[in-house]
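Visitor: Can you read through this structure? Questions will come right after.
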Amino acid sequence: MKFWASYLTTALLAPVVVAVPKAPWVLDRARGHGRRALGASIEKRAHFPRKACDIKSALGIEAPKENLWAELSEPEAVSVVEWLFAQPDLNLTTAEDAGSWDNTLLLVELMHPNKTDALAYLDGTAGAPTRYVHAVISHQASEDPYYQDILVGPLPIVNGTTHWEPLEYPLTRKSQGRVRNLDADADTLFDEWVHNVSATISDITLDMWNATALGLDNDTLSIWGIDPVYQDDDRILRWDAFWSIPRGIFDTGSIMPMGLYFMSDVTGRDASKWSVEGWYHNGVFYENTEEFRAAYWNGDVEKLGGNWDGAWSSTDQQGTIPPLDTMSPPVAVAPQGSRYSVDDQRRYVEWMGWSFYIGFNRDTGMSLHDIRYKGQRILYELGLQEALAHYAGSDPIQSHVGYLDSYYGFGPFAFELLKGYDCPAYATYLNSSFYVTETSRTHLNSICLFEVNNDYPIARHSSTHYVTATKNVNFVVRSISTIGNYDYMFSYSFFMDGSIAVEVRASGYIQAAFYAKNEDYGFHIHDQLSGSMHDHVLNFKADFDILGTNNTVEIISQVPHTTTYPWSKGKVFNTMKLNRSFILNEDESRFDWSANSQAQVLVVNRDEKNKFGENRGYRILPYTGAAHLTVQNSSVLKNSANWANHDIMVSQRKDTEPRSVHKYNNQDTKDPPVDFDKFFDGENLNQTDLVVWLNLGMHHVPHTGDLPTTVFTTAHSGVQFMPSNYFEVSPNVETVNMVRINYSDGKTTDVVTFGSFDDTCELSYEPTFPDFWEYKGDVVVRKFPYNPNDPYYEATGI
C-alpha cells in the first residue's frame with residue numbers, strides 16, 4: 001500500500017479550528033489565511049511539479065577505531081570451537097550427542113578488554129588490545145557437576161601458542177572460575193521425576209480437573225516450579241506446581257496455576273534417592289503423598305476448580321472496535337532520510353555530535369561503549385547488568401521465586417523487531433549474533449536506530465513581541481528481549497541538550513498465583529486467579545568519564561533553612577538553601593533517591609571547572625519508576641543480588657569488578673561467584689575512576705488491566721543523565737530546527753527559520769507498511785563440526 005503527499009502541504013491539510021484569539025493580532029493575521037486562501041494554496045501546490053523526497057538510509061561511515069566490544073567473527077568462533085574440542089583435558093562432547101554425564105561447551109564470546117588497555121587504544125596512545133575469548137564449560141562427567149569460566153587465547157588461534165586457563169579475576173569468589181551446576185540433571189527432573197510424582201495422584205487430578213500430567217503427548221497439565229531452587233545448607237529443595245496447558249497458540253502458561261503444589265528433595269545426582277517432602281493445597285500442608293491422598297478421598301480437600309485459557313487470555317483483537325479505529329493512525333516519517341551515520345560492520349554510530357559503539361553479548365544483550373558528545377567522552381560503558389523479578393505470595397511457588405534473568409541471557413532472546421511497531425519503519429536495523437551449542441545464531445534486525453520528533457518542543461518562549469520554539473528531536477537505540485513470560489524493551493536516547501535517557505519497559509503475560517488465601521499478596525483478577533505481587537529491579541552500569549577518568553560524586557541537597565539577612569532588619573525568614581557534599585569513599589556510597597527529590601546526584605570532575613568556578617559534570621536523576629528491592633535479606637536470593645538493595649551505588653572502578661553479578665549467581669545463592677557487597681571495602685572515591693551502579697524497576701501488583709498482558713505505558717522505568725555546568729549554555733541552541741515569529745501592532749513582522757528544511761517533495765508512505773511475511777526470528781549456522789562448503793542454515797521464529 002502506498003500513499004503520496006507533499007511533505008510541506010501535509011501539515012496544511014490539518015483541520016482548521018476556529019477559536020477565540022488570545023490577542024487582536026491573531027485575528028488580524030488569520031484573515032489572510034482563511035479557508036479560501038488555504039484552499040488556493042493547496043491547489044497551487046497540488047499542480048506545481050515536485051520531485052520525490054530523497055529518502056535515504058543511514059549514511060555509511062568508517063569508525064575511527066575497531067569495535068572492542070563486538071562479537072567474534074565467524075572464522076574466529078569456528079577456530080576457537082575446533083581448538084577447544086581438540087583439548088583432551090576438557091573432554092568435550094557435542095551438544096547433540098551429549099547426555100547428562102558429558103562435558104559440553106556452553107559459550108564462546110569475545111572477552112572484553114580491560115578498560116586501561118581499551119582507553120590507550122581509543123585515545124591513540126597504544127595499539128589494539130590483544131584479543132581473548134571467554135568460554136564456559138559445563139563439567140557434568142562427575143558426581144559434583146560444575147560450570148567453569150575459562151579464558152582462551154590469544155587470538156588468532158595458533159597451535160602451541162594458544163592456551164586456556166581458569167577465568168577467576170572478574171569474580172569475588174576465587175574458585176578457579178567454578179560454580180556448582182544445580183541443573184545438570186534437568187532432563188531427568190522434568191522428563192521423569194515430576195511426572196512420576198504426578199502419576200501417584202493422577203486419579204486425584206482427573207477427579208479434580210479432568211486433567212493429567214504424565215509426560216504424554218495428550219497431557220493437559222504441565223509441572224514447573226521455583227527459580228532458583230531452594231538451597232538449604234547441603235540440601236537442594238524445590239517446589240513445583242500444576243499448571244494447565246494452553247489449548248490455543250497463545251503463551252498463557254504463566255497465568256494458568258491450578259493451586260496444587262509439591263516439594264521435592266532433589267539433593268545429589270541419583271534420582272532414586274530423591275523424595276517427595278510434602279504437598280500444599282488451599283492453605284493446608286500435607287507431610288507426604290499418603291496423607292494428601294487420604295485427605296482428598298475422605299472429602300477433606302475442597303475442590304476449587306482451575307484456570308483455563310480462553311478469549312480473556314488472548315492478545316488478538318476482541319470487543320467493540322473504537323470509533324474510527326479502522327482508519328490509519330498517524331505515522332512518523334523521515335522525509336529526507338536518516339540524519340545519522342552508521343558503520344554496520346563495527347557497530348559505530350554518529351548523530352548530531354554524539355558517537356558511540358554498540359556491544360552485544362549473551363548475558364546482557366545490547367550495551368553502549370565510548371559514548372562521546374562533541375568528541376568528549378561522557379561514558380566509557382553503559383549497559384544492563386541483571387534483571388530481577390522477586391515474587392511473594394501465600395503459596396510456596398510465589399514465595400520462592402526470584403528470577404535472575406542473565407542466567408537465561410538477554411542476548412539469545414533479543415529477537416527480530418517488528419518494523420512499525422517496536423520501532424519506526426524508517427529506522428535502521430542491525431543484526432546480533434551469539435554462540436550456543438556449537439552453532440552461531442544471528443537474530444536479524446534485533447537492534448534499531450532511529451530519530452524521533454517528540455510531541456513537545458525542547459524549548460519555547462513567548463512574549464508580547466515574539467514567540468520561539470525549538471523542535472525536540474532525539475536519537476534512540478533500542479532492543480527487546482523476551483525472557484520467559486516478560487518482554488523487556490531497552491531504549492537509550494540521546495538529546496540535543498547533551499542529555500541521555502535510559503529506559504526499560506515491560507510487557508507480556510504476568511506470572512499469576514492461584515487466588516486461594518492470597519488476599520495479602522495481590523488482587524483477585526480472574527476466576528481462580530490472583531495477581532502475584534512482585535518487584536522488577538534492573539541493574540545498570542554507568543562508567544562515567546567526565547573530562548577524564550578522575551571523577552567524584554557530589555550531592556547537592558535543597559534543605560529547609562531559617563535565617564536572617566542583612567536587609568531583613570532582624571526578621572527571621574523561613575526559606576531553603578543548598579547543602580553541598582561529596583562522597584569520598586565506598587563506606588558512604590550506597591544510598592537511595594532522596595525524599596521529595598530534594599537531592600541532586602552529580603558526577604563531576606573537581607579539577608575541571610567552568611569559567612564561573614563551578615564543577616563541570618553530569619547529573620543523574622530518575623524521571624519515572626526507579627525502584628529497588630522491597631524484600632530485605634531475601635530468603636530466596638541470599639547474597640546473589642546484593643546490588644538490588646539500593647537505588648544508587650558507587651564503587652571505585654576496577655578491571656577485576658567488570659559486572660555487578662555473574663549469570664550463575666542463582667546456582668549458589670549463599671556464596672555466589674560475584675557478591676556485590678564485596679565491591680565495597682572503604683576505598684577512595686575522591687577524584688578517581690568510579691562506576692555508578694543504578695537500579696531501575698517497578699513495584700508491580702497486577703490488576704485486571706494486566707490481562708491479557710501487562711502494557712508498556714505503565715510498566716516503565718527510566719533515568720536521565722543531564723549536563724550540569726558542563727557547557728556555557730545549552731547546546732540545543734545549535735540546531736536549526738527552530739522558529740522565531742516576531743510581531744508588532746497585531747501583525748507578524750518576521751518569521752525566522754534559521755535555515756531549516758523548507759522544501760517540498762513527494763513523500764512515499766510505503767515504508768510504513770513493512771512486509772511481515774519476511775520476518776525470520778533468527779538464523780542458525782553450525783560451527784562444529786564445521787564444513788565451510790556445506791554449512792546448514794535453519795530459520796526459526798521466536
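Placed from the backbone N, Cα and C atoms, the Cβ positions cover glycine too.
Heads up, here are the entries from TrEMBL:
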type	residues	note
SIGNAL	1-19	signal peptide
DOMAIN	254-319	domain 'DUF1965'
DOMAIN	332-732	domain 'Copper amine oxidase catalytic'
ACT_SITE	ASP405	active site, proton acceptor
ACT_SITE	TYR486	active site, schiff-base intermediate with substrate
MOD_RES	TYR486	2',4',5'-topaquinone
Visitor: How big is the Cα-to-Cα gap, in Å, between ASP405 (active site, proton acceptor) and the residue listed as 'active site, schiff-base intermediate with substrate'?
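Guide: Cα-Cα, rounded: 10 Å.
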Visitor: Write out the long-range same-chain contacts of the residue listed as 'active site, schiff-base intermediate with substrate', meaning residues 6 or more apart in sequence whose Cβ is under 8 Å from its Cβ.
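Guide: In sequence order, ALA389, ALA506, SER507, GLY508, TYR509, THR710 meet the Cβ cut-off.
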Visitor: Counting across all protein chains present, how many other Cβ atoms fall within 10 Å of the Cβ of the residue listed as 'active site, proton acceptor'?
Guide: 25
Visitor: When the pLDDT values for the domain 'Copper amine oxidase catalytic' (332-732) are averaged, what is the result?
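Guide: For the domain 'Copper amine oxidase catalytic' (332-732), the model's average pLDDT rounds to 96.
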Visitor: Please work out the helix, strand and coil residue numbers for the domain 'DUF1965' (254-319) from the DSSP assignment.
Guide: 17 helix, 19 strand, 30 coil
